[in-house]
């Protein structure tokens with residue numbers, strides 16, 4: 001039966017709107033007591049100062065909750081505004097749309113002893129609250145107990161009443177007061193003591209959406225590691241508003257058929273370990289009803305719990321600025337019910353294992369059509385999740401898709417003042433404008449970022465997921481040599497970019513013709529590293545993982561022939577193969593290419609040349625014939641010295657331990673690059689100082705090409721470089737209707753682009769051995785209560801469970817909400833040192849081969865001592881040819897990207913006219 005609360009007339013907490021403003025001290029009666037409390041608290045009267053306006057950010061909405069029964073009258077179960085206290089009471093009227101500013105939810109967190117202790121010893125406080133007989137006011141309390149039968153004698157699955165405030169927040173039209181549906185009145189907890197592969201109906205495990213016979217069309221997964229409550233709230237609230245966009249569709253031929261749209265959507269949160277979880281985040285989840293303290297069990301009858309699974313359907317949400325939102329009316333801004341599954345893993349077993357819980361455990365029971373993957377901190381824009389789903393709905397062969405990820409720039413773009421943020425913003429933008437559309441045109445997007453991507457569930461079932469989960473450390477014993485422990489260092493690095501492996505396996509799936517696509521209308525916003533150490537550490541994993549995964553896809557390209565793709569698609573896959581091989585080669589030799597480009601430009605501009613029959617006279621620029629060559633030589637030595645320094649730092653230091661040295665390196669390379677840009681501008685001006693018609697021989701096409709690109713002609717080479725490298729960036733950005741990054745981020749990128757090779761790639765390759773795998777146990781889990789099994793009256797397995805009265809549940813909820821809505825204070829505790837000392841021999845061989853091949857290329861190009869090997873050209877001639885080849889090859893790759901972008905843009909514009917709605 002549905003839960004109806006107590007039978008003595010206790011109605012619990014009533015959610016109600018209170019006008020926004022500040023506290024008036026004691027100028028209110030008992031019926032209008034602050035927040036949830038009947039009794040005076042030390043932080044009530046003086047938490048903000050009498051008649052002092054709050055300092056918390058003010059939302060456009062208002063929601064508070066009164067513990068005093070009858071505080072405000074109710075109508076059909078929905079609380080309405082009480083009469084304001086005298087003199088304006090709580091302040092000026094807030095808009096009654098369902099959000100609370102948050103400042104009425106607690107005290108002065110900087111001075112309150114209770115909250116100061118909580119901030120210092122947060123984890124210990126959380127552990128004390130997990131004891132079943134913990135009283136809301138502290139200490140222990142004796143409670144009545146109930147005996148609960150285990151499912152199939154081994155599975156612990158219990159229903160717990162939610163706080164009255166959460167129950168009363170549900171709109172009446174969704175309540176099933178007389179039926180058996182308890183999803184709004186009780187939270188369901190399951191202690192999973194099995195591997196994700198064994199989380200099956202056969203073994204006694206189940207999930208509410210399937211129990212209610214609901215079809216799951218969309219499974220939205222949020223993976224979490226150690227993000228703070230602001231980052232999680234940003235993602236979670238954006239997801240709920242996106243679900244509201246879907247529910248509000250009026251003319252949908254799908255979502256409005258066969259039941260309410262919200263019943264076809266499930267949000268799954270997977271947290272990677274108790275130790276790493278920010279306990280303030282759990283308070284946020286408890287505030288919306290998805291989690292409760294004092295519920296989890298570390299083991300069931302001695303069998304260790306692997307994952308704690310909570311289920312609840314909520315209409316509440318917490319915004320990133322700690323404002324609580326609840327439904328007020330049936331307007332379009334009201335959040336619909338959202339079905340939540342919260343999986344809190346007991347141990348930190350990495351992201352791949354979190355995805356195994358998602359796909360192999362929950363996915364097989366719910367059998368969704370589309371799974372959307374988000375990282376905590378990613379903020380999907382309005383209607384973005386709908387746009388991702390529509391891509392699958394309109395293309396039956398679409399196996400995976402991703403949207404546009406862009407950097408979070410702060411209010412007014414203030415973060416763009418940080419060069420690292422601006423560089424990453426430009427990188428994201430160009431990837432979204434040129435790279436992703438090109439790969440989408442081919443049908444194989446090399447990486448669908450795990451922070452914002454989607455897959456068709458039946459497309460990834462089978463071999464794609466099997467190969468993907470080979471990187472899960474918890475399967476190492478089961479898989480043997482195929483598992484992570486049996487892999488060489490190359491394969492381990494490959495799984496640092498595991499999403500690339502899944503993409504390739506999906507497209508190459510035998511007998512199938514799944515393809516991948518980029519969906520422009522879906523946009524997500526994410527934080528990017530703002531400091532040099534964080535930036536370098538992130539790119540170490542990205543560069544090593546993507547390089548290994550790229551080689552994997554090239555070496556296993558033959559498996560494409562076993563797929564079901566048609567001949568046209570296969571032709572474009574071969575074109576993409578050649579394009580990817582070229583990119584890998586250019587990436588490998590990029591260290592030498594940047595050095596040669598730098599020295600060639602310095603020599604072309606700074607070396608004085610006397611007039612002769614083959615060349616015109618020019619002087620060293622910008623400091624004259626004597627100073628310029630000397631200045632350039634000094635810069636070359638500085639350049640080489642800092643490159644060598646990067647090897648020393650990468651082999652012996654962590655970025656966080658050499659922060660200022662790395663910052664200095666970024667600064668020095670940017671100064672050298674700025675000097676090269678000035679010299680390049682001078683080269684362009686000098687090349688076009690003679691009118692173009694005088695440089696060209698237009699007698700015939702052959703002579704015209706020879707005068708433009710051959711011999712001593714430099715105008716043609718420079719013209720090609722300007723158009724293909726820089727011109728296409730501007731043209732594509734304007735065609736994409738998003739050109740602003742070319743003005744505020746492109747200049748930073750021009751200054752720092754050499755650091756991508758000279759700092760980031762050097763650090764990445766020198767730390768090839770650093771793969772952070774393995775399972776880390778949970779120290780906190782040892783202090784959690786156990787579920788002891790005994791025999792019941794009919795000899796069945798039962799567990800004795802504490803049964804708290806509703807008053808205690810509600811009183812505990814008071815403190816939870818205060819903690820959840822407290823102002824966020826950033827944790828500045830330094831991270832512990834984490835070093836991996838294995839596989840250094842492989843790293844050494846990799847670095848030696850990479851460094852030797854790049855040095856060999858540089859020496860061959862710039863040295864005159866190779867005549868004995870049959871190389872008759874002088875070093876200056878070889879340098880000129882290499883420089884031309886480099887510019888032409890780079891230009892050709894840019895043209896290919898631009899063609900792919902044009903095809904994608906045209907196809908997207910045409911197909912949107914025929915897409916089903």
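Just so it is clear, glycine is given a Cβ too, placed from its N, Cα and C backbone atoms.
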In Swiss-Prot, residue 664 and residue 910 sharing a membrane side: no
Swiss-Prot annotation, N-linked glycosylation site - which of 544, 788: 544
Candidate ranges 1-56, 57-112 [criterion: Swiss-Prot lists as region 'Disordered']: 1-56
Per-state residue totals over the topological domain 'Extracellular' (738-744) - DSSP helix, strand, coil: 4 helix, 0 strand, 3 coil
Assigned element (helix, strand, coil) containing residue 544 (N-linked glycosylation site), judged by DSSP: helix
Other CB atoms, at most 10 A from the CB of residue 544 (N-linked glycosylation site): 27
Segment-level pLDDT (mean, integer) for the topological domain 'Extracellular' (651-664): 83
Leading contact stretch, 571-591, 630-650, 717-737, 745-765 vs the transmembrane segment (885-905) - CB distance under 8 Å: 717-737
The transmembrane segment (571-591) versus listed stretches 630-650, 665-685, 717-737, 745-765: most Cβ pairs under 8 Å: 745-765
Chain residues outside the transmembrane segment (717-737) and at least six past its termini with a C-beta under 8 angstroms from it: 429-430, 433-434, 683-684, 687, 708-709, 746, 883-884, 887-888, 890-892, 894-895, 897-898, 901-902, 905
The topological domain 'Extracellular' (651-664), counted residue by residue under DSSP: helix, strand, coil: 12 helix, 0 strand, 2 coil
